Amino acid sequence: MSAASGGFQPRERRFSVQEQDWETTPPKKLRLGAGSKCGGRRLIVVLEGASLETVKVGKTYELLNCDRHKSMLLKNGRDPGEVRPDITHQSLLMLMDSPLNRAGLLQVYIHTQKNVLIEVNPQTRIPRTFDRFCGLMVQLLHKLSVRAADGPQKLLKVIKNPVSDHFPVGCMKIGTSFSVEDISDIRELVPSSDPVVFVVGAFAHGKVSVEYTEKMVSISNYPLSAALTCAKVTTAFEEVWGVI
């Protein structure tokens, strides 16, 4: 669901598995805690099928990606085009920087191709650069959590599957797919006071295929990247809920 990224390739950089502290973005309003099952209006986004896995290179671990490890992937019979952690990075930047998240009305989960489920604390500030994001993901996948720099709060943590166990009871669960024939106006799907789940594919090709969604929708006449899908969804919710 994501177009190939252009521009300059990141400089070669290796990461050892060392625990680091990461910044938080303080909210303007009191927000629901990460993973809260209580009611109240809230958008829950699941980045499904994310390519996040580590590989040992020499004595260090790196986040596997198509640019840095192409020859290794080909040697093991894997399509480099399917190993795109940058899609998750771009999507997280869109989501966590959104006014909807700053207002305390967004919760994000990441479900990887390797069946690892990650909960993202709404106060997490995603690294701006891809290299730093890779280091963060290596730390998370090996330590199972990443804490805030100013306290014991966990900003990212690996949690127990399935993701549906972490949803508010009775909430609507919607998947996004370009293959759906009819186009939906996202604003018409926004509930006035209830939580709702949107599932966005965090991969380069294919479609979302999960058992827990109740309906699938297409939101554009054109195929969209995962990051743009996230931006359109959060913007629609901001418009309906009056988040400026």
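Cβ atoms here come from the backbone N, Cα and C positions, even for glycine.
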According to Swiss-Prot, which candidate in Thr124, Thr129, Thr176 joins Gly201, Gly206, Ile219, Ser220, Asn221, Tyr222, Pro223, Leu224 at the S-adenosyl-L-methionine site:
Thr176
Do you know which of Ser16, Ser36 is annotated phosphoserine by Swiss-Prot?
Ser16
CB contacts for Asp86 (site 'Stabilizes Arg-84') [other CB atoms within 10 A, all chains]:
22
Could you tell me the C-alpha distance between Arg125 (site 'Interaction with substrate rRNA') and Thr176 (S-adenosyl-L-methionine binding site) in angstrom, no decimals?
25
Determine the Cβ neighbour count for Gly206 (S-adenosyl-L-methionine binding site): the number of other Cβ atoms within 10 Å of its Cβ.
12
In whole Å, how far is Arg132 (site 'Interaction with substrate rRNA') from Ser220 (S-adenosyl-L-methionine binding site) when you measure between their Cα atoms?
32
Residue, out of the recorded positions Arg125, Arg128, Arg132, Thr176, Leu224, whose Cβ gathers the largest set of other Cβ atoms within 10 Å:
Thr176
Taking the Cβ of Ser220 (S-adenosyl-L-methionine binding site) as centre, how many other Cβ atoms lie within 10 Å?
14
